[in-house]
Amino acid sequence: MEKYEAVRDIGSGNFGVARLMRNRETRELVAVKCIERGHRIDENVYREIINHRSLRHPNIIRFKEVILTPTHLMIVMEFAAGGELFDRICDRGRFSEDEARYFFQQLICGVSYCHHMQICHRDLKLENVLLDGSPAPRLKICDFGYSKSSVLHSRPKSAVGTPAYIAPEVLSRREYDGKLADVWSCGVTLYVMLVGAYPFEDQDDPKNIRKTIQRIMSVQYKIPDYVHISAECKQLIARIFVNNPLRRITMKEIKSHPWFLKNLPRELTETAQAMYYRRDNSVPSFSDQTSEEIMKIVQEARTMPKSSRTGYWSDAGSDEEEKEEEERPEENEEEEEDEYDKRVKEVHASGELRMSSLRI
């Protein structure tokens with residue numbers, strides 16, 4: 001990692017550690033996801049890297065490169081200095097209608113571009129929406145670990161996403177249109193920005209996953225009396241929260257909805273956005289690595305050299321994790337089961353959900 005120097009840790013998760021780093025030559029700050037080599041380099045990692053690399057849009061975090069160290073695979077991305085949209089809402093309680101629209105317009109433009117590129121995100125939520133550090137923050141979609149490409153992958157049928165944001169058809173465990181499920185998740189994000197709470201949680205029992213799922217399936221929500229929003233806004237939300245995805249408003253229809261078009265920034269108009277939709281997208285690529293080079297690096301990362309268990313990045317793991325890796329039996333072929341299926345099963349069983357933290 002001679003190219004970058006560590007600044008500080010900025011997050012962690014099941015994948016490992018996210019670090020803020022600085023390019024030694026250009027002094028540019030970047031975000032680096034550090035994933036331990038070995039079994040953690042799974043299909044989700046492949047999917048995240050390949051799908052993310054193909055996207056070039058101002059409302060999507062820029063993918064830069066992947067680097068292999070003796071102990072970790074490093075995914076280098078644009079750093080968003082403004083942090084998560086989730087934290088901004090937690091600090092403010094909720095947004096005004098105009099501010100919520102400002103961020104929703106950017107979210108829709110970013111997701112619409114993903115859909116144009118035949119990629120559905122499948123895990124849209126406030127924690128996966130970042131902001132840059134400008135006075136009028138630019139929204140940036142991140143984390144494509146659960147994304148799916150209709151070009152590279154089959155149509156999704158597995159349940160995936162954070163429970164509060166999951167569309168009814170996803171919970172049905174049947175084949176569904178990932179793009180329409182993304183529209184639902186965008187609607188949840190809009191609701192939370194306006195209300196400061198999740199639309200389908202039981203106010204008296206917000207951590208009860210089963211109740212949340214029941215309310216999602218029956219589309220049971222309401223706008224509280226203390227939240228004053230326009231009739232057009234309420235109508236848009238109602239058109240998003242439709243149980244039958246075939247009757248749900250589409251991304252194209254959202255972009256022509258009167259509420260969406262009000263005060264639409266010039267750079268988000270159809271004319272300005274057209275450049276990102278051309279086959280010869282003139283937006284410069286932020287990665288010099290070819291897909292073949294990237295996949296070769298990722299494939300190599302699936303092995304953990306025994307001679308390289310310690311070193312510069314060893315603090316991102318632990319001795320116990322290393323012991324686990326050594327004792328781990330060969331993975332069963334049943335790993336073919338989609339990771340998303342496992343995730344929803346766990347959610348149903350555990351009842352864990354980060355929902356109450358937004359309550360006012």
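Every residue gets a Cβ built from N, Cα and C, even glycine.
Pulled from Swiss-Prot, these are the features on record:
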| type | residues | note |
| --- | --- | --- |
| DOMAIN | 4-260 | domain 'Protein kinase' |
| ACT_SITE | Asp123 | active site, proton acceptor |
| REGION | 303-360 | region 'Disordered' |
| COMPBIAS | 317-339 | compositional bias 'Acidic residues' |
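The average pLDDT for the domain 'Protein kinase' (4-260) in the predicted structure is 92.
All protein chains shown were included, and the count of other CB atoms within 10 Å of the CB of Asp123 (active site, proton acceptor) stands at 21.
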